[in-house]
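As given in TrEMBL:
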ACT_SITE  His176  active site, proton acceptor
BINDING   Gly10, Ala11, Gly12, Asn13, Ile14, Gly15, Asp34, Asn96, Val119, Thr120, Asn121  NAD(+) binding site
BINDING   Arg83, Arg89, Asn121, Arg152  substrate binding site
DOMAIN    5-143  domain 'Lactate/malate dehydrogenase N-terminal'
DOMAIN    148-310  domain 'Lactate/malate dehydrogenase C-terminal'
Amino acid sequence: MNRKKITIVGAGNIGATLALLLARRETADITLVDIDEGIAKGKALDIMEASPILGFNAHVTGTADYADTANSDVVVITAGFPRKPGMSRDDLLFKNFEIVKSVSEQIKKYSPDAFVIVVTNPLDAMTYTALKVTGFPKERVMGMAGVLDSARFAYFISEKTGISVENIKAFVIGGHGDDMVPLRKYTTISGMPVTNFLSDEELSEIIERTRFGGGEIVQLLKTGSAFYAPAASILEMVIAILWNKRKILSASVYLDGEIGEYYGASGLCVGVPIVLGKEGVEEIIKLDLSDEEWQQWRKSVESVRKLVEKLPL
Ligand code: APR
């Protein structure tokens, strides 16, 4: 039986961390692609040299040539510029648009049956770009943001309550920007409402910190943005697809038809709860939101729409 093949475009902080995580789980063979061939080859070799110690049999190779990515099952796009202090994710729009567009053309050419997971910021606009440029069915193109934002929310709740992270299920929807929508009602600790454990005020503080969670890391690192938690979040999505987990998680996906009307976001990619399995986005789940949450959701959707309207697509 052939092994699965995963291509990671961008062998930077997120791409290389993801390659190591995927290799350790022996999920597939991995091709790291970077415009800088030495970075891709060097990081791939470094990871392989860890394999005798860590004991994994996956092969990781580095390249600058998309022909080496042919027939990938999953392609993850992390190529692009990360934020610097003082920059919003949206400041990256035009620079990263050109990169994601050219990468998407290569994916379409070499891996026409792949699932595509977009990580490059601004996330929702870049996911839309990949969808339009590849022309792939909407079930096969998605953006990783909600898993990360939800993980940050969960970690902060664990930190505040002193309860294990394993017990916390947090949920964040909306665009991957500072007006994302963390949901109180759908956030639980071992099935119990989070509001049983934290006051309104405590929760509001945590929600605010979650919204600026990416920025907090950028401020600390100064030379780049977060990569451990983003890589872990992508790992969860890749495994959900390859192992047909049918996992409910939040991801940026294309909203059209009835579900787009329901969310007031037709024709855009925005973070919503989905069921992720071997067909990709197998379902989009409707949520019952409070008036305040709908208001926040609409604001978040409008931010995404404004960016997408600027794209020369
Ligand atoms: N094709 C392939 N690789 C490219 C291209 C391209 N056209 N342009 C840039 N790259 C590579 C860079 O050479 C670099 O190695 O993408 C890599 C990006 O790595 P980092 O700068 O370390 O960025 P990272 O922290 O991994 O974030 C990547 O994800 O979260 C987002 O905002 C973040 O958009 C950024 C992306």
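If you go along the chain as it appears here, the first residue is 1 and each next one adds 1.
Each Cβ is built from the backbone N, Cα and C atoms, and glycine gets one as well.
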Open item on the list: Among residues Arg83, Arg89, Asn121, Arg152 annotated as binding substrate, what is the maximum Cα-Cα distance? Answer in Å.
Closed with: 18
Open item on the list: Out of the recorded positions I have (Gly10, Arg152, His176), which ones have their Cβ sitting under 6 Å from ligand 1?
Closed with: Gly10
Task: Which of Arg83, Arg89, all binding-site residues, has a Cβ with the fewest other Cβ atoms inside 10 Å - done: Arg83
Task: Summary of DSSP states over the domain 'Lactate/malate dehydrogenase N-terminal' (5-143), given as helix, strand and coil counts - done: 71 helix, 25 strand, 43 coil
Task: Cβ-based neighbourhood (8 Å from the centroid) of the substrate site, residues Arg83, Arg89, Asn121, Arg152 excluded - done: Pro122, Leu123, His176, Gly177, Gly214, Gly215, Val218, Ser225, Ala226
TODO: Enter the number of other CB atoms within 10 angstroms of the CB of Arg152 (substrate binding site).
DONE: 25
TODO: Would you pick out, from the binding-site residues Gly10, Gly12, the residue whose Cβ has the largest number of other Cβ atoms within 10 Å?
DONE: Gly10
